Amino acid sequence: MWLYLVALVGLWTLLRFFRERQVVSHLQDKYVFITGCDSGFGNLLARQLDRRGMRVLAACLTEKGAEQLRNKTSDRLETVILDVTKTESIVAATQWVKERVGNRGLWGLVNNAGICVFAINEWLKKEDFANILDVNLLGMIEVTLSMLPLVRKARGRVVNISSSMGRVSLCGGGYCISKYGVEAFSDSLRREISYFGVKVAIIEPGGFRTNVSNYERLSHSIEKLWDQTSSEVKEVYDKNFLDSYIKAIQSLTDTCSDDLSVVTDCMEHALTACHPRTRYSAGWDAKLFYLPLSYMPTFLVDAMLYWSSVKPAQAL
């Protein structure tokens, strides 16, 4: 019995291995639009796909970021300025893409732009949550809906960058909320547009060293949020908690990997494979920590986080 089971698992693994290595033909004729290309995953993916001969349309937030990217790539790659929080910017970028892809349509849309704030929910105001959701979720949704007719024409791919924290909410501050939203939107979109031959993939990176996970920026944002809280909240948590919380964030960022290609290789596979995965867990922590944690009973996860987390001054 066990021998048959092992044989079946081995056969399934072998079939999956060969199936996932089938590559889409004529990649050099296919256009891919990527948001958030100033730095990090988007920047590396743009250069990676350009080296592969694909037609990369890279959206950057700043002209400086766009210029630096163009200097590192071939003449095939084109850039456009895009602020995903502004409708007029999205409309202009969509028209720009439409003029370039023509009747071929857009093969790949990669929603990569994002920001991050880790903090206690009680320290935030409504607008603090809104700022994160505008970029990470609502901006992504608006870009997708705007570009979708072009992707449908090419029977292409939508690749949305979520996070391992879109599976397990380890902290407050709006980031996890936005990534849970990315997961839900991507799942519903995948089912809706599968009828048109369009595939949707979700990338769930673990900890990687990018501008989003920069310790100095994160600690500064935490201190800024602490300063705006009421005296009552500060008394409940106290300054020692703040210091310990920031140290915990530093410990988390110190474990981040420098090898961004682990993530961009997943993104590239989602765009170029004949049979892309629905979800990609990128990184050892994503596979060995966050993914198993997401399947554990809630009470067990809560207990683990309770005993391992920093405690407020007035904790019971």
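Placement of Cβ uses the backbone N, Cα and C atoms for every residue, glycine included.
Counting every protein chain shown, 31 other Cβ atoms lie within 10 Å of the Cβ of Cys37 (NADP(+) binding site). Per Swiss-Prot, the feature NADP(+) binding site maps to 33-57.
Residue density at Ser163 (substrate binding site): 27 other Cβ atoms are found within 10 A of its Cβ, drawing on all protein chains shown. Marked as substrate binding site by Swiss-Prot: Ser163.
What Swiss-Prot records for Tyr175 is active site, proton acceptor, and it gives sequence analysis as the kind of evidence. In the three-state DSSP reading, Tyr175 (active site, proton acceptor) counts as helix.
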Rounded inter-Cα distance in Å - Leu57 (NADP(+) binding site), Ser163 (substrate binding site): 24
Nearest-integer angstrom distance between the alpha carbons (Cα) of Leu45 (NADP(+) binding site) and Ser163 (substrate binding site): 17
Cβ atoms near Leu45 (NADP(+) binding site) (within 10 Å, other residues, all chains): 30
Other CB atoms within 10 A, centred on Gly53 (NADP(+) binding site): 13
Minimum Cα separation from Tyr175 (active site, proton acceptor), reported as the residue among binding-site residues Cys37, Gly53, Ser163 that achieves it: Ser163
Cβ neighbours of Phe41 (NADP(+) binding site) where a neighbour is any other Cβ within 10 Å: 26
Long-range Cβ environment of Phe33 (NADP(+) binding site), under 8 Å and at least 6 residues apart: Leu57, Ala59, Val97, Leu106, Gly108, Leu109, Val110, Met147
